[in-house]
């Protein structure tokens, strides 16, 4: 009648105003265009007409009538914030009503999952196109496809968290001891599981309100303001993820070199050459088009992390029980200053091990409706996490004590002599190398998304020349730069600790609870408000001190730094 769709001529401009004044309701397009009181022959209308009358009798639009089921519609309204007219009339699949072009647009929007997220969309990407309208970019369209299930989400989460960095947990225990080590491991698991669920709830809340956020920087922009997304969260996430790619390439080269020296102790191939070989392998995997396309690779990654964790645990127990193992000493080395900084360095290691940094991007791969799927995926991930993290850290520290090395597999060889069967070391390193490639590709996705957004054309097909050529060139360049950095700086682990302190702790421990408090605004009288505030204050302090400890370690090790060093 001109109120909602001004491009159509109103039949009776006063009717809608009269209806609103009488019943104190906002008339929607369903009541306005479909439920006109001028139907001359109701038999020619669809079954949705009778459903609409039933909705009215439920008290949704005409509260002066006695409802048949007063609770049903209210329950739905509370969940979806729509009235019964929209619920029963406009949920049609496009075959109920022959209506105006404006109403067809509304029905199309509903079919795309914008207002009815509990229905399966016909086009999983349509919700992004509708919600973002003209803001859609090639990065969201091609890289962050929303087609995955909760099981695929579990694969992505497991690959991004349960990575070969867990093999350094026994080393972190050397600075903490048994009690503090296990306590920090438990606290890290509880806090990250809690914070990841909080960030998932925030994402679901915005999706239910018609604004599905696909990236970490999108969340910061919408919740904290544009500058937070552009100048703080975005750069931190990019540095963390790109640093993880460099670290994966470096660690892959180190594992390859370990296998090589075991088979040929007098070999002359340098570390940077193995890094380049592994980088070439990553160059191929980097061309996989989207995050969702990695689901089968990440399933293999999940199996591999269980395999090398079981191997590391079994190897540690074997050496610890044999006479060939070292004498166990669980005391913490160093003076008071070294112990203090070692404690915070260990916290940084554990935080980095639990770190993810790409929760919104992983949730963006879920096909709508997303509600509840992320929690199931996190349960899959944390089941694998508990099995692997605790078994490797406890068995490794038990077997080697304060002599545990930065990578527990290094303890399996002493003075060039393997303490376990050679084939066992080969197998464990191969498992580790293979999973490292999957982890590296997962953390490359935010970079791919940025590159696709910058150089891709969302109006052209995904695999057209216009998009394929820039995609191959930009991704190859990103991997080339990562490989060069890994080859030049084999001490990158120290730098990565600094990145972890400045990156993973804010992204995974602090920002999720801030986003939750800003979005849901819990009362200061509630337990959750003070719990979230405690997490923010505690981990902000720990992050600052861990960053200082990481800088101190870089200064101490600087005398040994040399470009392209063969370490």
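Just so it is clear, glycine is given a Cβ too, placed from its N, Cα and C backbone atoms.
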From 340-359, 360-379, which range did TrEMBL mark with transmembrane segment?
340-359
Among the ranges 175-196, 231-252, 299-320, 380-400, 498-520, the one whose Cβ pairs under 8 Å to the transmembrane segment (420-444) are most numerous:
299-320
Any contact, the transmembrane segment (527-551) to the transmembrane segment (299-320), with at least 3 Cβ pairs under 8 A:
no
Rank 175-196, 299-320, 340-359, 472-492, 498-520 by Cβ pairs under 8 Å to the transmembrane segment (272-292) and hand me the top one.
472-492
Among 175-196, 231-252, 299-320, 340-359, 380-400, stretch most in contact with the transmembrane segment (472-492) (C-beta, under 8 angstroms):
231-252
Close approaches to the transmembrane segment (498-520) from elsewhere in its chain (Cβ under 8 angstroms; 6 or more beyond its ends):
191-192, 195-196, 198-199, 201-202, 205-206, 216, 219-220, 223-224, 233, 236-237, 239-240, 243, 348-349, 351-352, 354-357, 359, 529, 532-533, 535-536, 539-540, 542-543, 546-547, 549-551, 554
Can you tell me which of 175-196, 231-252, 340-359, 380-400 gets the most C-beta pairs within less than 8 Å of the transmembrane segment (299-320)?
380-400
